[in-house]
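Asks: This structure is in structure tokens; I'll ask about it shortly.
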């Protein structure tokens, strides 16, 4: 195989002197697609579609800020000497767990204020969220980040990867494990599984689609994170791996507890929104 092409340009085009990055285009596309699918499902679950748009307008900027804050905090050794780069999110450097923390707080407050069951809203969001995560990893691909350990060209070719992926994994003179791809495929598979199962009658109580998402994502992220070389570290520990373990165990624990102790009181996911303002 002739591998003569260089790395892909992370900049898509220039607009009036402003560089538009593929990273931003890919993330924005993922958000738009996720919003469209969430609106469609909200209608089926008796939630005003405008609520989804309003929620996105609040949650998205908060998620971006907390995702960046999370990343900067764990990379403070670098950013304390490069303060001007803290706001440069278009260059990459946002953490999904940070985004989930910020967005989760917004979802809770928004739903309480608008008479929407929090668990139901999380169920609606979960499948499209993991889809957006899977798409978003291709932004990391364009920036040549979220890659894994050094590997060989022979190994990458054995995976039957397209030429452009193999060449993009040539970083600093060495081929790298395409961990972005592993996680992207895992996320997209999770999206397919959740979308296939969530409309099964009496299968999910409200909250269980979301908890299934957490279990699925945390399980895959733990193993992918172990292959990466750019993990955020704290006291020599991969932060995302520990968070994955906590979320995996926690979600299973909550799922079992709710099924055993609250099963008869939990509405089915398909029942949709049963709340109304007083």
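In case you wondered, yes, glycine gets a Cβ from its N, Cα and C as well.
Pulled these features from Swiss-Prot for this protein:
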type: TRANSMEM; residues: 18-38; note: transmembrane segment
type: TRANSMEM; residues: 55-75; note: transmembrane segment
type: TRANSMEM; residues: 90-110; note: transmembrane segment
type: TRANSMEM; residues: 115-135; note: transmembrane segment
type: TRANSMEM; residues: 177-197; note: transmembrane segment
type: TRANSMEM; residues: 207-227; note: transmembrane segment
type: TRANSMEM; residues: 237-257; note: transmembrane segment
Asks: Compare 55-75, 90-110, 177-197, 207-227, 237-257 by their Cβ pairs under 8 Å to the transmembrane segment (18-38) and return the stretch that comes out on top.
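Replies: Out of the listed stretches, 90-110 contacts the transmembrane segment (18-38) most.
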Asks: Sort out the residues at least 6 away from either end of the transmembrane segment (237-257), same chain, that have Cβ-Cβ distances under 8 Å to it, and list them.
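Replies: Residues 74, 95, 97, 208, 211-212, 214-215, 217-219, 221-222, 225-226, 231 contact the transmembrane segment (237-257) from elsewhere in the chain.
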Asks: Using a Cβ cut-off of under 8 Å, list the residues of the same chain at least 6 residues beyond the transmembrane segment (55-75) that approach it.
Replies: 31, 35, 86-87, 89, 93-103, 105-107, 110, 121, 232-234, 239
